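Step one of this worksheet: look at the structure below.
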Amino acid sequence: MKIGIIGAMDEEVSILKAKLNNMETTIIAGCEFYQGELNGKQVILTKSGIGKVAAAVATTLLLERFNPGQVINTGSAGGYDTTLNVGDIVISTEVRFHDVDLTAFGYEIGQMAQLPAAFPADKNLIFAAQKAAETITHLKTIQGLICTGDIFMADPTKAEIARHNFPTMAACEMEAAAIAQVCYQFKVPFVIIRSLSDIAGKKSELSFEQYLPIAAKNASILVEEIINNLN
């Protein structure tokens with residue numbers, strides 16, 4: 001079974017890309033797809049671009065053109081869980097949009113019309129991620145809610161609004177829920193793996209620039225170990 005891996009930026013895919021054997025590159029609509037073998041497994045590594053629309057386009061193309069059996073999203077995020085620090089990892093239990101508001105029509109905050117309020121990650125992939133995390137003892141990993149919006153949470157006021165609306169949110173970023181929605185509509189299992197590059201609302205733009213390489217590396221380490229453990 002082929003495994004799809006999606007990252008938004010060069011920094012988030014470059015480590016895994018460097019490890020691909022027999023790599024073939026395809027570019028469609030600005031999205032970059034790298035087919036190859038990672039530790040004996042067939043993978044399609046995808047660089048989507050940043051934000052929800054870019055992620056949705058890339059995920060749709062990935063599923064339509066390359067037909068992976070499961071999808072793993074790797075990358076960085078802003079932290080909300082108070083027990084976490086930069087470099088720690090969140091494995092998604094479910095994913096929601098934090099910048100959607102159709103409550104005037106009776107939907108939950110974050111719920112898009114005619115869709116579920118949350119997109120649950122695949123239980124088998126969560127289990128595989130947790131088992132992989134247990135073998136990487138130098139990385140702290142938790143499971144939790146990841147929320148998505150086209151906002152970089154540098155503004156403490158905006159960060160606090162998101163915290164109020166989603167009090168159990170562990171991390172916040174800009175692609176995961178779009179990837180999750182496409183996987184939900186295609187009925188393809190997914191899991192999101194995000195390492196913290198910053199803490200939302202606390203000069204996070206400065207932290208992001210400094211710690212993105214660390215976050216990208218840590219997420220890539222876990223994703224590679226997950227793939228090693230998948231049948």
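The backbone N, Cα and C atoms fix where each Cβ goes, glycine too.
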Among G49, G69, G78, the candidate listed by Swiss-Prot alongside M153, M174, E175 for substrate is G78
Judged by other C-beta atoms within 10 Å of its C-beta, the most isolated of the recorded positions E175, D198 is D198
What DSSP gives for M174 (substrate binding site), in three states, is coil
